[in-house]
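Here TrEMBL flags 4-186 as domain 'Cation efflux protein transmembrane'. What TrEMBL records for 206-262 is domain 'Cation efflux protein cytoplasmic'. Per TrEMBL, transmembrane segment is recorded for 33-50, 70-95, 101-121, 133-155.
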Amino acid sequence: MRAFLGFLSAFVLLLTFSVLSRSATLASESIHAFFDLIVVYLTISASKRLNRRDSLYTYGMHRLEVLYSLLNVLVVVVGVVVGAFTSVIFLLLNVEDNPELLIISSLLAFLLSLFASTEEVKGELERGVRVHALLDSAVYLGGSLVGIAVALTHVFQLDPLSSLLMLAIVALLSEPNLRESVYTLMERSPVNVGEVESSLQPVLGNVHHVHVWSICPHMRVATLHAEDNPEITLEEMDRKREEAERVLREKFSITHVTIQFETKRRESDS
């Protein structure tokens with residue numbers, strides 16, 4: 001709730017001052033703050049559903065983390081596009097802003113964003129909101145520096161040009177999150193499967209059909225087949241399984257694994 005109030009206050013503040021100051025930087029920041037509100041709302045909604053687990057959602061609903069992360073990035077991208085369009089309009093119309101109001105409002109938004117970053121972190125989603133708030137703080141601090149530059153030089157074009165620069169930085173910072181979200185939704189392996197096979201061979205011998213994927217950023221799972229002596233006891237098999245789980249957990253951060261043991265005789269029969 002603290003993060004939501006911080007982003008809401010920043011949005012209202014920036015929107016008001018963007019009208020009063022005629023600043024492209026504040027206009028783009030207010031648009032960005034509005035979309036931040038959407039991001040925080042989605043995060044709060046998702047966090048309430050993550051641990052729901054039943055016969056249909058056997059891993060819980062952690063895939064929502066990926067879905068909401070992707071939606072969050074797309075929301076930011078939309079905000080960047082709208083902000084860039086606004087900045088270009090201000091630049092073409094040669095609008096002269098009020099640098100003093102730009103400085104004051106950006107510093108106030110900086111403080112509000114820092115307040116939003118103090119929200120208690122309970123999981124990956126909340127951690128993402130904190131990082132987002134800290135990045136916004138840096139953007140707002142940059143906005144105050146733009147105001148100082150305009151006040152000293154009286155070159156009013158610095159405002160929309162700086163706005164475009166900051167929007168470009170925000171877009172670049174969003175790209176890794178977008179890429180990772182797409183990778184997870186496409187079930188791309190987060191690790192080199194060949195390395196997994198090599199690491200397991202001393203423990204399990206011949207392994208094949210190795211599949212590794214991420215349910216969400218902090219939950220990696222794997223399935224694999226392992227060939228073994230048909231005379232192996234259940235106790236020996238269990239020891240091998242525990243050792244394989246340890247290797248996967250410590251070396252690849254894989255927290256859940258399903259191993260199908262089989263024999264060469266059974267493999268040939270099939």
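Each residue, glycine too, has its Cβ placed from N, Cα and C.
Predicted automatically and left uncurated, TrEMBL annotations should be read as such.
DSSP labels the residues of the domain 'Cation efflux protein cytoplasmic' (206-262) in these numbers: 19 helix, 28 strand, 10 coil.
Cβ atoms under 8 Å from those of the transmembrane segment (70-95) belong to residues 22, 24-25, 27-29, 31-32, 34-36, 38-39, 42-43, 128, 132, 156-157, 159-161, 163-164, 167, 170-171, 174, 177-178, 181-182, 185 of the same chain, restricted to positions at least 6 beyond its ends. Mean pLDDT for the domain 'Cation efflux protein cytoplasmic' (206-262) in the predicted structure: 91.
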